[in-house]
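Visitor: Structure below; questions to follow.
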């Protein structure tokens, strides 16, 4: 539990703080920061909690890609509920940390933990998305609940391993007044150990996008393949002859395309139902996997866009001794990294038709009339 320290540092160290205009500017800036962070926290808690409840409630969403999305949402909920209130407290206290040093280290540990967790999980998701497109049969055979749980546990273990060493003053966690949060103290590379952590984060994020580029190249290459030319067999009393007489007609009957009496050699074999859906099953699954892959790529791209300004400022501090970072730029970069916590549910509902349909079906009272619960084919 965080406790107040015995002595508080005097926050009015700067001579300009006695100026009324400076007080007005600082008050307005603090109000804007508190309002924007409160809005981000509200959107994050409401959006991620709603999406998590939907993923838990709807059994049709109990599959691999949505297990990972559930883990992302729950992590963002914890980050918003635990870390953001301390940032708001430091803003309200005049850009000063009002709690103990141990509490600062714990908050910084959790902030870094959730950052690396998102990066590692999005990388693992990119690999599974590539497998779902390029190695479809292997993916559906191996990607079960136990495999998803193992991947999620591995991600959390790696995240803890990356975030825990600074607790023991390896790349010290401190309150950074300019950022109004407890996090890494990024100094010149010869005076600090944070370079390794920043390089690891950059490598993971970069590799994630490389995997998605490889997946897009695979899809593009296979779109150029010529469709198979089907030559029907000629049948007279189930005696097949012609180019398609290599068992294709019998296979068509089993798949549900055949008409007429049962072939004598296939008596006792059940004909497949729903011939139209059966014929388009593989194509529908391919389109669904592409849609989920697109959703996750936009989530990964949003993570990169929102964190890139802050990571750039960190690299500037590490490689350039005493490099001045404009306060306005740094504040905007920090708040963009905070906004990432509320972006995932918005992206998920915007770019995933299945989630929108299931949301309307599970929460009809909040979203209008209930949609018919009929089998549908996502196109």
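Just so it is clear, glycine is given a Cβ too, placed from its N, Cα and C backbone atoms.
What you see is a predicted model, and the numbers here were worked out from it, not measured in a lab.
What TrEMBL shows for this protein is this:
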- 47-348: domain 'G-protein coupled receptors family 1 profile' (DOMAIN)
- 34-56: transmembrane segment (TRANSMEM)
- 68-88: transmembrane segment (TRANSMEM)
- 108-132: transmembrane segment (TRANSMEM)
- 144-164: transmembrane segment (TRANSMEM)
- 197-220: transmembrane segment (TRANSMEM)
- 296-320: transmembrane segment (TRANSMEM)
- 332-351: transmembrane segment (TRANSMEM)
Visitor: Find the average pLDDT over the domain 'G-protein coupled receptors family 1 profile' (47-348) in the predicted model and report it.
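Guide: Over the domain 'G-protein coupled receptors family 1 profile' (47-348), the predicted model scores a mean pLDDT of 81.
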Visitor: State the non-local partners of the transmembrane segment (34-56) in its own chain: residues 6+ outside its ends, Cβ under 8 Å from one of its Cβ atoms.
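Guide: Hits for the transmembrane segment (34-56): 62, 66, 69-70, 73-74, 76-77, 79-81, 84-85, 87-88, 91-92, 335, 338-339, 341-342, 344-346, 348-349, 355, 358-359, 362-363.
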Visitor: Please report, as numbers and ranges, the same-chain residues at least 6 past the borders of the transmembrane segment (144-164) whose CB is under 8 Å from any CB of it.
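Guide: Counting only partners 6 or more residues beyond its ends, the transmembrane segment (144-164) has Cβ contacts under 8 Å with 64, 67-68, 71, 109-110, 112-114, 116-117, 120-121, 124, 128, 197, 200.
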Visitor: Going along the chain, which residues at least six beyond the ends of the transmembrane segment (296-320) come within the CB cut-off of under 8 Å?
Guide: 65, 72, 115, 118-119, 122, 125-126, 129, 184, 186-189, 192, 194-195, 198, 201-202, 205, 208-209, 212, 329-330, 332-334, 336-337, 339-340, 343-344, 347-348, 351
